[in-house]
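Participant: Let me begin by handing over the structure; questions about it come next.
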Amino acid sequence: MNTHKLIDGKANAARVLLQVREDVERLREQAIEPALAVILVGSDPASQVYVRNKILRAEEVGIRSLEHRLSTDTSTEQLLMLIAHLNADRSIHGVLLQLPLPAHIDELRALEAIAPDKDVDGFHSQNVGGLSQGRTVLAPCTPSGCLYLLEQTCGDLRGKHAVVIGRSNIVGKPMAALLLRADCSVTVLHSRSPSPQLLCRQADIVIAAVGRPRLIDASWLKPGAVVIDVGINRIEDDGRSRLVGDVDFDSVLAHVTAITPVPGGVGPMTIAFLMKNTVTAALAQHQALRSQSEALCRSIY
Ligand code: GUN
């Protein structure tokens, strides 16, 4: 295999996490203990694995973590009460609500209830809007991780043509906003795009986030393209269950400059950027408190 073409998510995530650990130590020296609350409603098996990994990774880098497991029949009101409680707790800096939620819960209301400065997933409309204005805000973790991999692989992204395949709120749309903020020309393709292959073949950079196993083959790619595969699809292959991406890895490898494998590509980056966002949130909240108290002192004396 052309291993020199592989974009190693594990190694890049380890580098980000090393920096996060150093940042956590520096915050602890100032008596700030970064803390992340993770809420899981129901018993979706994949979500349970994701949440466990998030908690484990937080412990590894010195971030205090609190896990709130709620039963499937939790009401929207009960969930909102827990979020309000976590918002008010100054010792907690990040609040993450694991998706998907049970169908009866009002997802948008729940996500909007998380205080924007604790919204380490970057899903609150204030952060979504800020990102689309090109501002530095808490941005969604998976696309942030993809952008980091692209910067490490391609260097300067300015002027590159990036095609994002998929328009989800978690990956496709924020990915497009981050690439625009990095001065790429951005095309977003989705299930209603006519001739997606033709458009995709013009791209220097392709980000596949559609959730369709091995949809993208060499006919979609310009020779030498850089490919980021966000898909994690479980398939049965020769009677064995295994994970594959949205890109037909084996058939495109000879065709590309670089590509993320599945697993071991984008996956580890998501958690690394969740940790990074938690530290960023802790620092911002501490600075906001300090300027509030300084303003109060000025008004008294
Ligand atoms: N479910 C799948 N991906 C994510 C994510 O990035 N954040 C949350 N909260 N839930 C998810």
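Every residue gets a Cβ built from N, Cα and C, even glycine.
The structure displayed is predicted, hence computed values, not measured ones.
This is the feature table in TrEMBL:
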BINDING   G166, R167, S168, I232  NADP(+) binding site
DOMAIN    7-121  domain 'Tetrahydrofolate dehydrogenase/cyclohydrolase catalytic'
DOMAIN    140-284  domain 'Tetrahydrofolate dehydrogenase/cyclohydrolase NAD(P)-binding'
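Help me understand the surroundings of these features in the structure.
Facilitator: Annotation for I232 (NADP(+) binding site): spatial neighbours L243, G245, V262, P263, G267, criterion Cβ-Cβ under 8 Å with sequence separation of six or more.
Note on the domain 'Tetrahydrofolate dehydrogenase/cyclohydrolase catalytic' (7-121): its mean pLDDT in the predicted model is 98.
Across the domain 'Tetrahydrofolate dehydrogenase/cyclohydrolase NAD(P)-binding' (140-284), DSSP assigns 57 helix, 32 strand, 56 coil.
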Participant: Only counting partners 6 or more residues apart, tell me which same-chain residues put their Cβ under 8 Å from the Cβ of R167 (NADP(+) binding site).
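Facilitator: Listed in sequence order, they are K173, V188, H190.
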Participant: If the NADP(+) binders are G166, R167, S168, I232 per the record, what's the largest distance between their Cα atoms, in Å?
Facilitator: 16
Participant: Using a Cβ-Cβ cut-off under 8 angstroms and a sequence gap of six or more, which residues of the chain neighbour G166 (NADP(+) binding site)?
Facilitator: G172, L189, H190, I207, A208, A209, V210, G211, V230
Participant: Does anything in the same chain, at least 6 positions from S168 (NADP(+) binding site), have a Cβ under 8 Å from its Cβ, and if so what?
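Facilitator: Looking at Cβ-Cβ distances below 8 Å from S168 (NADP(+) binding site), excluding near sequence neighbours, one finds A209.
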